[in-house]
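Comments concern the structure below.
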Amino acid sequence: MGHFTEEDKATITSLWGKVNVEDAGGETLGRLLVVYPWTQRFFDSFGNLSSASAIMGNPKVKAHGKKVLTSLGDAIKNLDDLKGTFAQLSELHCDKLHVDPENFRLLGNVLVTVLAIHFGKEFTPEVQASWQKMVTGVASALSSRYH
């Protein structure tokens, strides 16, 4: 799953404290749905997803994006037990929603992009490396039920 050094943990926690969960969550999920349109099939109940502007302005996309990043906050508090932290969500996404686990990796990569946009120069290569390790670990934990 990847071992987090104390430096990784400090880097992730420090940046996370500055993240606006609502804004970053909505933008991350919105970008996922625009850039990877096949992911939209999991969000039929969200209404109008017909264009980039419709998706980015959709209140249900924003609300679910906030929910996703809120659960990521739980992961950040439990970096040494990502699998345990996401056991129930893994089961839900695998058994009930049948989400392709590759989508977790895509979402993590989109989040890293959004953080880079929001934090600019502060999002150094070292910060990116720690965050990439974290989103990869989260994707792996969410995919654990599939194995």
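Every residue, even glycine, has its Cβ placed from backbone N, Cα and C.
Among the features that Swiss-Prot reports, N-acetylglycine is placed at G2.
What Swiss-Prot lists as domain 'Globin' is 3-147.
Taking Cβ-Cβ distances under 8 Å and a sequence separation of 6 or more, the neighbours of T13 (phosphothreonine) in its chain are I76. Under the DSSP three-state reduction, T13 (phosphothreonine) is assigned to helix. The phosphothreonine annotation in Swiss-Prot covers T13.
Per Swiss-Prot, the feature phosphoserine maps to S45 (among others); the stated evidence is similarity to another entry. For S45 (phosphoserine), the Cβ neighbour count at a 10 Å cut-off comes to 6, with all displayed protein chains included.
Note: S51 (phosphoserine) has no non-local neighbours, i.e. no same-chain residues 6+ apart with C-beta under 8 A of its own C-beta. Taken from Swiss-Prot, the feature phosphoserine covers S51 (among others).
Per Swiss-Prot, the feature phosphoserine maps to S53 (among others); the stated evidence is similarity to another entry. S53 (phosphoserine) has a Cβ environment of 11 other Cβ atoms inside 10 Å.
The N6-acetyllysine annotation in Swiss-Prot covers K60 (among others), and the record cites similarity to another entry as its basis. Residue density at K60 (N6-acetyllysine): 15 other Cβ atoms are found within 10 A of its Cβ, drawing on all protein chains shown.
Residues annotated as heme b binding site in Swiss-Prot, with sequence analysis given as evidence: H64, H93. Less than 8 angstroms from the CB of H64 (heme b binding site) sit G25, L29, F43, F46, each of them six or more residues away in the same chain. In the three-state DSSP scheme, H64 (heme b binding site) falls into the helix class.
Feature annotation from Swiss-Prot assigns N6-acetyllysine to K83 (among others).
Per Swiss-Prot, the feature S-nitrosocysteine maps to C94.
Per Swiss-Prot, the feature phosphoserine maps to S140 (among others); the stated evidence is similarity to another entry. DSSP assigns S140 (phosphoserine) to a helix in the three-state reduction.
Closest to K60 (N6-acetyllysine) in space, going by CA atoms and restricting to the modified residues S45, S53, S140, is S45.
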